Protein chains: 2
Amino acid sequence: MTDVPKRLLLGRALRSDRLSETLIPKRIALPVFASDPLSSVAYAPGEVLLVLSIAGVSAYHFSPWIAVAVVVLMFTVVASYRQNVRAYPSGGGDYEVATTNLGRRAGLTVASALLVDYVLTVAVSISSGVENLGSAVPFVVEHKTLCAVGVIVLLTLMNLRGVRESGKLFAVPTYCFVLGVFALLAWGAVRAGVFGDEMRAPSASYGIHTDESGLSGFALAFLLLRSFSSGCAALTGVEAISNGVPAFRKPKSKNAANTLAMMGLIAVTMFCGVIALALATHVRMAEDPADNLLIDGVPAGAGHHQDPVISQVAAAVFGDGSLPFIYLAAATALVLFLAANTAYNGFPLLGSILAQDRYLPRQLHTRGDRLTFSNGIVLLAGAAAILVVVYEADSTRLIQLYIVGVFVSFTLSQTGMVRHWNRLLRTETDPARRRRMHRSRAINAFGAFFTGLVLVVVLVTKFSHGAWVSLLGMALFYVLMTAIRRHYDSVSEELSAEDPGERAPRPARVHAMVLVSKIHKPTLRALTYARLMRSDTLEAVTVNMDQQETDQLRAQWDERGIDIPLTILDSPYREIARPVIDYVRRLRKESPRDVVSVFIPEYVVGHWYEHVLHNQSALRLKTRLLFTPGVMVTSVPYQLESSELAKRRARRREQWNAPGSVRRGPAARTPGHKGTGNRRTGRRSGTGPSQRDGK
Amino acid sequence: MTDVPKRLLLGRALRSDRLSETLIPKRIALPVFASDPLSSVAYAPGEVLLVLSIAGVSAYHFSPWIAVAVVVLMFTVVASYRQNVRAYPSGGGDYEVATTNLGRRAGLTVASALLVDYVLTVAVSISSGVENLGSAVPFVVEHKTLCAVGVIVLLTLMNLRGVRESGKLFAVPTYCFVLGVFALLAWGAVRAGVFGDEMRAPSASYGIHTDESGLSGFALAFLLLRSFSSGCAALTGVEAISNGVPAFRKPKSKNAANTLAMMGLIAVTMFCGVIALALATHVRMAEDPADNLLIDGVPAGAGHHQDPVISQVAAAVFGDGSLPFIYLAAATALVLFLAANTAYNGFPLLGSILAQDRYLPRQLHTRGDRLTFSNGIVLLAGAAAILVVVYEADSTRLIQLYIVGVFVSFTLSQTGMVRHWNRLLRTETDPARRRRMHRSRAINAFGAFFTGLVLVVVLVTKFSHGAWVSLLGMALFYVLMTAIRRHYDSVSEELSAEDPGERAPRPARVHAMVLVSKIHKPTLRALTYARLMRSDTLEAVTVNMDQQETDQLRAQWDERGIDIPLTILDSPYREIARPVIDYVRRLRKESPRDVVSVFIPEYVVGHWYEHVLHNQSALRLKTRLLFTPGVMVTSVPYQLESSELAKRRARRREQWNAPGSVRRGPAARTPGHKGTGNRRTGRRSGTGPSQRDGK
């Protein structure tokens, strides 16, 4: 019934080939997994300058030092994750590492942090993408919130329709972007170094108003730390590769580690280059441009839009409005939207792993359960849209929320890795291996220490600026997932079969009944099938809703000579369910050890409105019967012609590819499983040794 | 899942006793069935004066003649319906009469007209009720639309909760109202005749502006006809009794006919009395009071609210704001709200009859199908609310739409009755009976002619004033019901069993399989039950989603020594449905004459969120399996502890009484049916003469 509006809105799901077993090569893996960290060069440098501007333009000279700190951190994190990738090639990522080594709570904390992060990746990347696009297309920046929500809706529809994340789709814009930035850096260096041009950014002549010029001591240190925290936005998404190891070609771990190193190198080069060019072209960024950015000595006012650093630098180097400038703005926006899309792909991946551990509904674990994935996607998009609307698509304000989650998972993951090596070292005796382990442990320990330190810095400097929102979100996810797990555990305990020895008294006989309303094909089919089942007793039951119809039924029964007794249940209030339920209950009471088997002829229909017109009573009766102990309910379907429609719809739905399929890689085909071709059947009366499939 | 918000909003359904078999006496039947026609005295006289005012105050002297015409019409209609009630005591009303005598199309037209009428009864009665209440409580009339919508919402919630229409609930306010109006008439007569008081209505001093004073000839005749059309609003709801004959005590037809006469007498007395008092107290009503009502020679303006005639008369006779005045205003409003409530009760009654004839979803026919009735009630309320909002709760404008439907059904019903008598006369030979029939036919013929004439007058005088909206609504209902009937017919044809002689080849054997995910109580129960069913072959089937879990399952299977072979289906894409469907299809292909019986262990849960967490894959698999021919699907329920909750909820839902239960009377208990106690069971192998229940 929900299918029709969806189809009207989304069109038919794209027919796409089944997830192939092809694994992705490094040159494709880089854009698939690195669009998020690479794209952050579009906003991270600006955030560094922006925070520094609080202490006045003079504070900009600290920015190279902050860049150095970010680079060191980046190398640390990349080096650490190269260890992760080698130690855990299964793709569980930080969640798996934390759970395995630090326990369930730590793992769940990491999972909550990552879920919040996915939401923020969408919100921040799209807001920043809109800002970058806006530097070339003024309309976009004038309707920032609207455009950002529009992009979210577009991405959501795309993912609901089942557009498969394809390597090529990611490769082209990401490489275009990287190429564009490197061209920018190179041309900027040539112009400055070779031609000695004086390049001036559009904001070069602006002044920065500050209440706190000449900040010093603790306040300055705090500001530098805050600036550093903002710069750390460049590190978001680094962990993505560690979740995607199974999708790599062999040798998986090695390829993943090398891709990680490549990504780190490109990211820091771009980051440092943009900061250097920003200083060279005298870019001015203010934290609150309406009040603090002075144009000819006057505050810029609410109508002024501060362009991102990368577009200001491009304007200075290439010329404002020039073709390369527009190319770079478009490529930046596109790569940012792709980065947002990675969250749409990463979410089902993480969801599937969490579902396997029963922290989320189990059906998330199966591929192709479109409905469930759709709910997840809508949840993700809804939360991101709320953030975008509340924060007016202002990437600067959204970034305050962003990096908390990342560093929570970095720190816990690296701590977990230290424990991992400790454990291995306890049993490892080979000196060469021990040496390698010691080295890995040292790297992870440093990573844990450094990222932990950054986490503290981020929390201290950003808590009141918005980080509390992230923490709240994490807490909500944590509580929800704990509750789901607790529910599954309690049900599992309730259901667990007791010892094979002590068994409940076996039911003795089956009393079968076929519900009959009139004699037509579905009824006849149900009678035939019920007879085949050879229950101990079999009767047909009808509810007398209308005496005339009942008399007619009885006459036809005679006429056809159906050799099954027909019981007529009285229904003084023209109900169907109650007389049947009462009858079944009485049967159960008369012989409590018997099982009652109820056969219900059912029409299978194709249109949603047919569901309204048919089967309602049967469905409700079925639901009611399931509450009655000692009953089994058999649907005997009769496929109406229109059911072909629904069948085709179901088949189409089956061909849908969940987002994240590529990242997940094909399901592990462990040896020893049996193909669907193998089966054994045996007589139910067989008392010999049980026959089993395979082995 | 929809239960929780409903319960939050509506509270628990009231526990009410089962519809008893008591039938209603005449003194209760009168208020139950007549609150609609009696309450129309609150607005009909005003409408007459209002239309006449277009020709100036002098035209008011035509009003007694119009009242006479309405009285003649009322007597005609009552006399006609007394024939209906006698000829058709089954309660089918106009719809049955028209269908039986004039064919399906006429019947469906009547049904469409009545459905539109129910919507308008709600809209008009509530708007008028708010206006009457407003004459005592100014706040109400100042927020007319809001208050009217509020009353609609209140009535809807009451009916959704399952407040039973009770005779007493109707009797008190209706008798209070009738008493109040008669007291008004009596005291007015005494004051005028005995004391010779000059009574002046609040609007007595106002002038009426008219562009067309001294209207004559055709224009005047048209205006008089329009005024008469408006006065005919007094006749709405007269047909209600003919739908409710089964609810009367015996002799049903006679009692119903007498109640009808009583109602007609009371209605015309009140109608004429109010018109007479309105003339005596110089009430002034203008069609467009803002422009045409002159207070001290100046138009009253948009802020002026014109009080209904009955409240103006009461102000003149009892004194404005006096206790009897307030009593009458309150009683009038209450009886009008009750009149609106009759639509909430009449709708399911008509819906049930239409559902029986397959013009509406069949489940409407069964009592206590709460969900379906709720949808109907919400539809009714939604349509009425839209009308109220669009027409700003202005009863004068809504009445333009009102009486079309009523007179369509009057005319068709009376025409049908003429045919009915013609048919009976063809075979009847007894002279006394023939005489009675001739007399009845004459009455119905006159009724058909007169109501047909009024219908033409109404259509001509009101079409552009809003009657087209009613006609559009009727057309919509007609088309919808025709489409539903066509669908049911085509399905019925598709399903109809061919001759008993020629039969499809009988399926030969049953191949049963139990779906297993892990070994727990639900699985063990399903295995036990499946074994009891003695199918030809039995196997357990599991889908290998996770090699480790599958290995564990296989080990437990061995350990427990379960003597059913276990087949493991491979699922490279971690799906459940597809491998099972493929497997079933292959089985069917291998032996097409076999039937596959799939047993699915199912948890029965109580909370809506548990549905999200469990059974999703099983449910979807079940749906998919039903599309596969030659398959039957058996749910083996395992009741979790929380299912008790849902069981209780279902029981509560069962105790709900559909609105309209009282009007419908208890379901006919025709002789010859068998109580639930009678049943026969027989061995399926029995080949002797078939055993059948009863007879």
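Cβ coordinates are placed from backbone N, Cα and C, and glycine is handled just like the others.
If you look up TrEMBL, you'll see B:650-695 marked as region 'Disordered'.
Per TrEMBL, the feature transmembrane segment maps to B:62-81 (among others).
For B:108-130 (among others), the entry in TrEMBL reads transmembrane segment.
Per TrEMBL, the feature transmembrane segment maps to B:136-157 (among others).
If you look up TrEMBL, you'll see B:169-190 (among others) marked as transmembrane segment.
Among the features that TrEMBL reports, transmembrane segment is placed at B:215-238 (among others).
Remote same-chain partners of the transmembrane segment (B:259-280), defined as residues 6 or more beyond its termini with a Cβ less than 8 Å from a stretch Cβ, comprise 26, 29-30, 33-34, 37-38, 40-41, 44-45, 48-49, 60, 63-64, 67, 70-71, 74-75, 77-78, 81-82, 85, 178, 181-182, 184-185, 188, 192, 199, 201, 231, 234, 238, 241-242, 248, 309-310, 312-313, 316-317. According to TrEMBL, the feature transmembrane segment maps to B:259-280 (among others).
Annotation source TrEMBL lists transmembrane segment at B:325-350 (among others).
The transmembrane segment annotation in TrEMBL covers B:371-393 (among others).
Annotation source TrEMBL lists transmembrane segment at B:399-421 (among others). Proximity of distant same-chain residues to the transmembrane segment (B:399-421), defined by a Cβ-Cβ separation under 8 Å and at least 6 residues beyond the stretch ends, is recorded for 43, 47, 77, 80, 83-84, 87, 93-95, 97-98, 100-102, 106, 109-110, 113-114, 116-117, 120-121, 124, 229-230, 232-233, 235-237, 239, 387, 437-438, 440-441, 444-445, 447-448, 451-452, 454-455, 458-459, 462, 465-467, 469-471, 474.
What TrEMBL records for B:442-460 (among others) is transmembrane segment. Tertiary neighbourhood of the transmembrane segment (B:442-460): same-chain residues 72-73, 76-77, 79-80, 83, 225, 228-229, 232, 403-404, 407-408, 410-411, 414-415, 417-418, 420-421, 467, selected by CB-CB distance under 8 Å and a gap of 6+ residues from either end.
Annotated transmembrane segment per TrEMBL: B:466-484 (among others), in sequence order. Below 8 angstroms of C-beta separation, residues 108-109, 111-113, 115-116, 119-120, 354, 358-361, 383, 397-398, 400-402, 404-405, 408, 458-459 of the same chain, each at least six residues beyond the ends of the transmembrane segment (B:466-484), sit close to that stretch.
The stretch from B:62-81, B:108-130, B:136-157, B:169-190, B:215-238 with the most CB pairs below 8 A to the transmembrane segment (B:325-350) is B:108-130.
Between the transmembrane segment (B:136-157) and the transmembrane segment (B:215-238) there are fewer than 3 Cβ pairs closer than 8 Å, counting only pairs 6 or more residues apart in sequence, which means the two stretches are not in contact.
Across the candidate stretches B:62-81, B:108-130, B:169-190, B:371-393, the maximum count of CB pairs under 8 A to the transmembrane segment (B:215-238) is reached by B:62-81.
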